[in-house]
Every structure is written in C-alpha cells, then in structure tokens.
Amino acid sequence: MTTFQELGLSQEVMKAIERMGFEETTPIQAKTIPLSLQNKDVIGQAQTGTGKTAAFGIPIVEKVDVKNGAIQALVVAPTRELAIQVSEELYKIGAVKRVRVLPIYGGQDIERQIRALKKHPHVIVGTPGRIIDHIQRGTLRLDHVHTVVLDEADEMLNMGFIEDIEAILSHVPTERQTLLFSATMPDPIRRIAERFMNEPELVKVKAKEMTVPNIQQYYLEVHEKKKFDILTRLLDIQAPELAIVFGRTKRRVDELAEALNLRGYAAEGIHGDLSQAKRLSVLRKFKEGTIEILVATDVAARGLDISGVTHVYNFDIPQDPESYVHRIGRTGRAGKTGMAMTFVTPREIGQLHHIERTTKRKMERMKPPTLDEALEGQQRVAIERLLNVVETENLSFYKRAAEELLEEHDSVTIVAACLKMLTREPDTTPVKLTEEPPLAVKREKKRGGRPDSSTRSRTKKRRMTAH
Ligand code: ADP
Ligand code: MG
C-alpha cells in the first residue's frame, strides 16, 4: 500500500486529501499519480469506484499555477452528473490551494456559463457537446491547456461522442499531457489513444482488485415469483440506511420502484430513459436521504459516485462479472463496510459460479428470510427507536400519564402495545411485476421448440402476483 506522503505531494494537496479522509492511495492512484506528475500520458483502465478521479485530479491540482488566469486543464466526461461529480471532487482536492474548477454541461443556462468562464477558472470539467459549443462561440479558450483528461472514455464512445472528442482534442495544444480513463478498451478507444496520445503508459487495475474485502457478499437462491417478498423481508431485517436495488431492464426498474412504494418504502427508479433533470433530482434525493432505496439499471448507475450506500441488492443477477463488480462497488466505499445480496434463480446458478470464478471470491449463501424474521427485524428497529427516545428525550411531561396507565394495566402489555404501534409490520400488499426471463445460459433447445423460443425470449410477459 502506498501512502500519499510517499508520492511527494505538496502541503496544500496533502492537507486537502486529509480533509477528504483518504488514508492511502487506491491501486490506480498509486500507479497513475507518479506517471502523471512526470507529465507522461496515461491510459488508466479500472472499474468504477477505484478512485480514478483523484488519480487524475491530484496531479492536475499539483500542476495548476493558481496565479495564471488561463484554463490549464480540461476534463471531458460523458454526462452532466459525472461532470458535476468530478468537478466537486477536483474542487475538494484543490480547495486549500484555491484552484478554481468550473463544470460546464448541456442543459445549464449558457449565458451563466459564459459569465462563469470569464472569472478565470483554472480547470474545466465538461460534457463534449457543451465544450464544443463554447469553443465555437469563442467563449472557451484552450490554448493554455497542458492537461486533458478523457474520463469514462468507453461510456463516451457508447454515447456517440467520439467525433466530438476528436474535435475537442484538435483544439488543445499538441504539447500537452493526455490522460484517458476507461473501464474497457474497445478498438475505437485504442485508436483515439494512438492518434491523440504520446507513448501512453497503460495502467491497468484488474477487476478483482476492486472487490474490496470490506464488502460482504451473499447470494440467495430464490424463485422468480418469490423475489419481491424476499427483497422486502431483507429490507425489513437489514434496515439499510441507503440501498440500491439493481434490476435488469428499464421496465423492471419502473415496476420495482412502484412496487416498493406500494409497500411503503421510499424508493425511486433511475434508468437511461429518464430526462437528465429527472435523473439528477432522483440522485439528489437519494444523496440527501429523502429516498432510502434507489432502483437502477446497470447503465444508469455506472460511474456515479454515490457514497454512504450500505446495501446493494441484485434483484436480477448481473449479465456478466464486470457488471457485478460495478454494482457491488457502489457500497463499502471509503473504508465503510457494505453488504451485497444477489438473487439467483435455480437456472442462473451457472452464472453465479461464473461470477465467483472471475472475481475469485465465493459468495456466502444466505437463507431467504421468513416473514417472522422480517417482523422481528422491524421490531428491533422499533425497540431501537424507543430506547433512543428513553436516552435522549425529556419525558417528564409524559410520566404522569404513564403512571396512571400502569395503575390499570400491566407494564408488559403496555410496552408491547407501544412496540406494536411503533413497528412497521411487514406489508404484504400484492404487487405486480412482469416476470423477467432467466439469464441466457447455454442450454439445449427442446426438440420441436420454435427456433426463437430461447430463454431470452421476451414473449412471455406474464404478470405475476407476489403475496
Ligand atoms: P471512479 O472514478 O474510479 O469510479 P471515484 O473517483 O468516483 O471512482 O471514487 C470513488 C469514491 O472513492 C469517491 O467517493 C472517492 O472520494 C473515494 N476515494 C477515492 N480515492 C480514495 C482513497 N484513496 N481513499 C478513500 N476513498 C477514496
Ligand atoms: Mg470516475
């Protein structure tokens, strides 16, 4: 393990990192920061949650000359949420040194951005479209940029931003350092690297380094029809502070969020079909704790840094080991412990083993909880709330009434009634979820079956009712 001290960082940056609570570097940081400080081009390949932002953010802040009013570093990120998130992290790293960081993204009033650009930011974090817009208006001058970062490059590729990126790079001086971060390295990304980077060093952190040991990983064998009841029981027992439930499809996410609300949980869904504004507002509510459960597809949750997540529920087993690592990486961050529960239908056991082999970690089997256990779990929550009031509140006003009550009834009955009132008894309101076919596993087709009647067939849209 490498400490930040060993990297020879300035006092100002060390102080900022300390305030952020980072104790030691993550693997990608340990490898990238020294290279980047030597002005080498770096391709960083690592999964979400491995600390890539600080890996490029720390060298950027080190290299910025705050007395120079020109834009010196440019970070390109695929979405508005990511741009905001990255700029917040850069702001923190540069807070002591007083580095000015400005996010620019589509959807925000352009006049306001133009005014902000006139205040001499040192670092710009932007989405491709809006960066180009400003370049064309002449409101963004990049001729003093010495560092360019392409963050989540594969995501930008997926979103069709490759040409925009090329256009942006052609506006930055060739005498520059280029850093590229990506979870995967498809060919078009390699080509960008070849064309626009100068003998880049590849820093690769394997997925298994990421399944951090402080995540407890469990799986539960559950039949499709039982999944929802099991989920709500787990929620009742584990009483997560902040949880993410992953579903396989957008429809799944919508239905799950609705079903959770029906049973009295504060849940909202997030997926690619929602408008940026909606996604942002859901995320904000989640971060503030107004909603306790975020239901998400893989795509929607990718790259987003949501801290404080205590529990991840894979309602549907992920398609591939990489997504699994991505998903559970949402929890147990920054030294906190986390728990990940993966639901596996009998036909998906093979997929579970595939994930275990790739991550080289065994998931522990958890027995699906019973309704009684769920009730006990909620009772425990009620008892905690009650004891908390006993310890922290002034009860003198209530004591007379309590004494009178106890003259007529026995104390156990009274306390039991209080607990019953406080306990949110497991709700079994019937909900409707469209059945999700199990993941495609290589299995022989039945003879005489229609050629397309594979397990992935979406024709079986039966409605199921969970009780
Ligand atoms: P990535 O870009 O690789 O998905 P982020 O840069 O968003 O990851 O970092 C994920 C989380 O880990 C953030 O909350 C970040 O503040 C935190 N983090 C980053 N580096 C460290 C570190 N060295 N120690 C502790 N937490 C860290
Ligand atoms: Mg990132």
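Cβ coordinates are placed from backbone N, Cα and C, and glycine is handled just like the others.
Automatic, uncurated: that is what TrEMBL annotation is.
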Would you please say which range out of 2-30, 176-204, 205-233, 408-436 has the annotation motif 'Q motif' in TrEMBL?
2-30
Note the mean pLDDT of the motif 'Q motif' (2-30), expressed as a whole number.
90
Could you give me three numbers for the domain 'DEAD-box RNA helicase Q' (2-30), the DSSP helix, strand and coil residue counts?
17 helix, 2 strand, 10 coil
